[in-house]
Each structure stands twice: as structure tokens, then as C-alpha cells.
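Inspection log for the structure reproduced underneath, given as C-alpha cells.
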């Protein structure tokens, strides 16, 4: 019975990519810098001491970090008995965004340039926002700038609730984000507004429209909820998910995976919010999974709650929680199963700003007859998709080199 389980630690990079200089990210290292902060006693909020990831270390995380950066992360060493195949991958895609990373790991790199709203203020063309407002029956909007999601709620959340005007904002990624209060504006109204924006953004080649619902009564308690929804464009070619689905297999999405692939190649989707729920649902779906099945989970909190917010201690605590659940995963695996731990980009919580970092990602693979040891540096995330295609004996992808015979 052939089954593949992809646990995608959103933003968990393992050192600056070969082309990091093009992005201003030379020296970034999400894993290494978190480990160093922990070792230095600078990440003791809610946790204490060195970064403890014994199970990921057994899958080869420390060794992957060493091969990527030339040194072991603080607290990790060569004295661990590694049970998995480990490597690290550079990104071929033009951007360091979520869709690019996900699509590339499924065998379809983004080799064109996304559209961006690069102006920090007055970010959106008036022609665009006028069309969105007219179609939605709204008389105005707030924001129109680059901002972090938490910051803009503190600044504009109350005005939004008083006026009913949605908050439009963007970032260094190819995104158009809309924040609205779940009660005063309504979640369905927000989703409908995002669908309108998605249609009007087609000429601008923007990767995603993101609905950012929030709750609360004021800046002190405004909080984004788990009802986020991403409206992505379709990948430019069939991914390995599409190929397995077309071959009669099952592709189970947990978390925001389905949104990122614009629901293409997905046969079942399950919503879950927070690391605990996401891991619980992953285990539940693995127990249910039959032959020719992919279960694919995005653990978004690493990125959204800790990476972008530059919360090093929070990121470390979340990693340690994730690691603590891995024995439960190992206990339910079957001999032919293939498990892959990876990431879609970096988001170094010690780095300047609030954006993603251009980093290599870990490629930790276990099962399916793979020998423990190094997979080396992979030239593209697409090696993951190609390996999955090889594992399921699907038609090869156009990009990537399989590490599975």
C-alpha cells in the first residue's frame, strides 16, 4: 500500500539560499538563528534553554542544517543516530512566497515574475479599487499600504468597525489582503468581497487574495481568526497532486493546502486551526488513508504567528510542540509509507522587517525503503514532487530529480 504524508512546516528555512543576495537575505537562517537564540537564553518566554527537537534531529534536521550552512545549529551535533534521508533544497522559483514554494515542491516551479504592489503607501491603483468598491456596493476603504496584519488592525480596526469600510493592504509578497471584522462586517461578506477582488486582479498577475477576518472590541484585543481564506490563481501546469488525482488516487488537504493550489488536484479537504488541531487532523487522516493517497498538511502557525511577527521564543516553543507529537506519527506508519518534512520558504524571526526570507528548505524523507543518510543539496524544491511521482509510478514531472529509485 503506497501512501505519502507531507508535513509542511511553513517558513522553516535552514539557511540562506544560493541566490539570497538578490533578495537582501544573505545570512538569514530561520532554524539556525532560533537555535542560537535559545542557546543564548534569548528565547525563554514560555519555554527555556536550548532548542530541543530530538525527533526531528533523528529524521536528520541537524544534519540538513549543517550541510546547508556549514555548521551545526546550536544544540545539534553529529552524534545523533539518524533514521531518515536528509537534504536541503534551493528554490528555482522567482519569488519567496507561499504559492511559489508549494507549487514548486509539487513539481511546478514559478519561472515568471509575479505582479507586486511595490509602493509602501497608496499601494493600489485607483482604477482597481474603484472597480472593487463599485461591484461590492461599498463607498470606501481603509489602508492602501504595506503593513503587518496585526499592526494594521491596531491602527485601523476601530475605524473599520465604525465606518464599515474594509481594510485593504499588501506586503512584499504578491498579495492583496482584506481585513474585516467577523461580526460587524460579516465573514461571508468578506469572502464575497475577496472573490470580486480576485476577478478584478486578473490583469495584475497577483498570486493571492487573502481574507483576513478578525474579532475583538478594540486594539487591545483584536485578533485574527481561523476563518482566513486564500484565493489563489491556478498553478501554471498540473502538479503531482493533479497527476495522482487523475490516476484515481486520493489527495487529502489539511489546513490551507487546498487554497494554495486553488483546489486543483485535491479530492478531500479538512479545516483545522492551530498546531494542535492541525496535528490531530493529520493523524486522523493518516489512520483513514488507503492506497494511493497523499495527506498534505500546512502548519501555518510557524509563519503567520511567529515568523512574520518576529517572535523567536514563540517559534521555538511551537517547534518543540510539533516535535513532541512525532512519536505519535511514527507509531501509526506502515512499512511502505513515505513521510516528508519540508518548508516553502524561510521567515527568520531574528531578521530585519516582517517578510519572508529567501532560504533553502529542509528535505527530510523517511520510509519507502529509503536509506538513512544524506540526499545532499537539491537544486529545486521540485525534487520532492518528482520523488513523489516516482514513488507512485506516475508520469514524470517536467522539473526535479527524484531521490527515490
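Glycine is treated like the rest: Cβ placed from N, Cα and C.
Swiss-Prot names 303, 308 for binding Mn(2+) 2. Of 263, 356, the residue it gives for the same site is 356. With the fewest other C-beta atoms within 10 Å around its C-beta, 308 stands out among the binding-site residues 308, 345, 356. The two recorded residues residue 356 (Mn(2+) 2 binding site) and residue 10 (Mn(2+) 1 binding site) have their Cα atoms spaced 10 Å from each other. In sequence order, 10, 11, 304, 307, 345, 347, 354, 355 are the residues of the same chain, not among 303, 308, 356, whose CB sits within 8 A of the CB centroid for the Mn(2+) 2 site. Within 8 A of the CB centroid of the Mn(2+) 1 site residues 10, 344, 345, the other residues of that chain are 8, 9, 11, 12, 98, 101, 102, 303, 343, 346, 347, 356, 361.
Put simply, residue 10 (Mn(2+) 1 binding site) is 6 Å from residue 303 (Mn(2+) 2 binding site) when counted between their Cα atoms.
Within the same chain, residues at least six positions away from residue 344 (Mn(2+) 1 binding site) with a Cβ under 8 Å of its Cβ are 8, 10, 11, 98, 100, 101, 102, 105, 361, 381. A straight line from the CA of residue 308 (Mn(2+) 2 binding site) to the CA of residue 345 (Mn(2+) 1 binding site) spans 12 Å.
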